[in-house]
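What TrEMBL records for this protein:
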DOMAIN    13-462  domain 'THIF-type NAD/FAD binding fold'
BINDING   33-38, ASP57, 65-68, LYS81, 126-131  ATP binding site
REGION    244-271  region 'Disordered'
REGION    318-363  region 'Disordered'
DOMAIN    332-430  domain 'Ubiquitin-activating enzyme SCCH'
COMPBIAS  337-347  compositional bias 'Polar residues'
REGION    593-664  region 'Disordered'
COMPBIAS  593-619  compositional bias 'Pro residues'
Amino acid sequence: MSTKASSRSTHVEAILGRDLYAQVRNVKLLLVGAGGIGCELLKNIVLTGFGDITLLDLDTIDLSNLNRQFLFRKKDVKQSKALVAARTAQQFNPSVRITPIHANIKEPQFDVAWFRQFHIVLNALDNLDARRHVNKMCLAAAVPLVESGTAGYLGQVQPILKDRTECFDCMPKPIPKTFPVCTIRSTPSQPIHCIVWAKSYLIPQLFGEDEDGGDELDEAEKQGENAEKIANLRKEAQAFTAVRNALRSGSHPKPNGSTTRSRSKKANPNGDAAQLVFNKVFEADIQNLLSMSDMWSNRAPPVPLNYHEILNDSFVLPNHPETDAATSNGPFVPQNKAHTNGHNVPNASSSSTASGSGGAGLKDQRELTLRENLELFIHSTNRLSMRLNSGEDTISFDKDDDDTLDFVTAAANLRAAAYGIGGKSRWEVKEMAGNIIPAIATTNAVISGAIVLQALHLLRKNYGGLRNIHLQLKPEVPLNGSSVGAPAPECGVCRDTYVELLCDPSRVTLGEAIERILGDGDDEGTGPRDVSVYEDKRILSDPDFDDNLERTLESLGVTRGKFLTIVDEDGEWGNVAVAIGVLPPNHPPNGPALIPPFPLPKPPRLSKPTPPPLTPNTPPRKRTASVMGGDDDIEHVAPPPKRTKTGMPHINMASPSKKKRLEDEGLLIVENPDEKVDDEPELITIDD
């Protein structure tokens, strides 16, 4: 060991103590995520001396990462985050072993058995679905987890240990903001409505798979949204077919002024594809909406945009409250009041001067004029169209894809102008469309330090020292630690009983798997009972649906890394979560296709809900006795009258009309058991 490395380890050993430092050096640790938190955290655990680190991340390095993810340099852009971070951090402590993996943590090879090899897992993810997945896998593998997250200046750290602390899913998470379809498609009132429209509707319609949006509109109709609007939106969706064809067969201007046509398809007879899209979306569709006068009785109607007038600087927007009557020669945002009543003010900056103005700030942070937005729309549409004609089947929005970001920025701002809504800069659109919360390097550093502290508590089994850490916007208490909570009794994740079933999914049927997990009930297991079986949110079987019991797990899509959840129909037993694993490598080829867990799971019995207490006004049902006792002191009280059963009116069975109605419903009333019945139907005696 070099003098420098020896000096480093001496300091760490002095801080942690000899025993804990020796334990840390032998720990096998999994770090999921190599982004903002992940880079800081990797540096911390490497310098702390964790001996065996596995780093897993799916992402590649983007230029925007470099302002806070300090393990990366400009030369590393487009490379794997896991590989580059491991290579850079290795230099901090050469005695540490770092194994980078460029993959998705949800891939099937990362199953429960794979997670079980680690002593502790640290989460540095920004994806809610992936965080839930890691939480469940750690619970199933009984491996401690330290969960974390940041949002701007806020951050949190949560240590998770099965049966001791609440898990990631014990507390409900906020549902992402959604907007009604008709608001997005017909009546936007905020910039975010226009951005969501361009990102989630327009791009898929023009450059995505050939869909008409029927499912979305059907669901909106079921939710009770305006039927007239829905019918109009269906017509719009059908009209997109011609526009989509134009994008895949049109002529596209090159930078030098010449044109290029698609490979072997017929050229667009209507000219430039971008103009055709513009005329459809910003003129014809808006004209169509204006024909529904009732829609605009209580709101300002939109304004159809004119392609040539905007390019010629002759288009004038009406005096909308938010756009303040801006025209094509100036920004159409409230803070830039360069126009009055739709007429140009002398000295107002034109698009050309605005684009070259150094005082306008960075290019992405400058508000675009109406003409600049149209020019950006034309260029981005043609670039995307050329990509389709060059072999790309579909194109979806990606905040790091300049073409799609330019298209969303331009389309959203053009729509905002038509509806009298303030525009947004390219930078703001990127934040809003990508659901980006600005990342603060200092926040990541503070949270990463707290993660290591909680990890050390878990390794020492100092469970009393575990804390939920919160970084908050409170100057008096910026960093707050609170005691960890107990598992929520109603949690559908950590309250399950987890077992692993090793099998060959191509040879094991669903019925066989259920039978082997439940057992016979004599020595182990709960025994046969009525259960429902789920895979995630899919129901595979229940007592009234047994069609899948004879199908193999593989045919049902239940393979390695998936979970079967067995739910008791009577609510007497807790749920059993069965993790599907692979047979061991040395398993004989002709051996059994399934190795059940040992011992078989026996989930806890669930307590029946207690009936509500009697109300104070309920009369006593037993006679009362005096305190002194003795027969002479007993006060005999008549029992209260029986309560009439609610919801069950008294039936006079002798009533002919009632008897006839019951017979019509298939119930025959006979006077005695010996009475003969015509046609001798199959009878069930309900009262003898």
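The backbone N, Cα and C atoms fix where each Cβ goes, and this holds for glycine too.
Just so you know, TrEMBL annotations are computer predictions that nobody has curated.
Remember, predicted model here, so these are calculated numbers, not experimental data.
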C-beta crowding around ASP57 (ATP binding site), within 10 angstroms:
26
So which one is it: of the binding-site residues GLY33, GLY36, which has the fewest other Cβ atoms within 10 Å?
GLY36
If you draw a 10 Å sphere around the Cβ of ASP129 (ATP binding site), how many other Cβ atoms fall inside it, taking every protein chain shown into account?
8
Would you count the other CB atoms within 10 A of the CB of ASP126 (ATP binding site), including those on all shown protein chains?
19
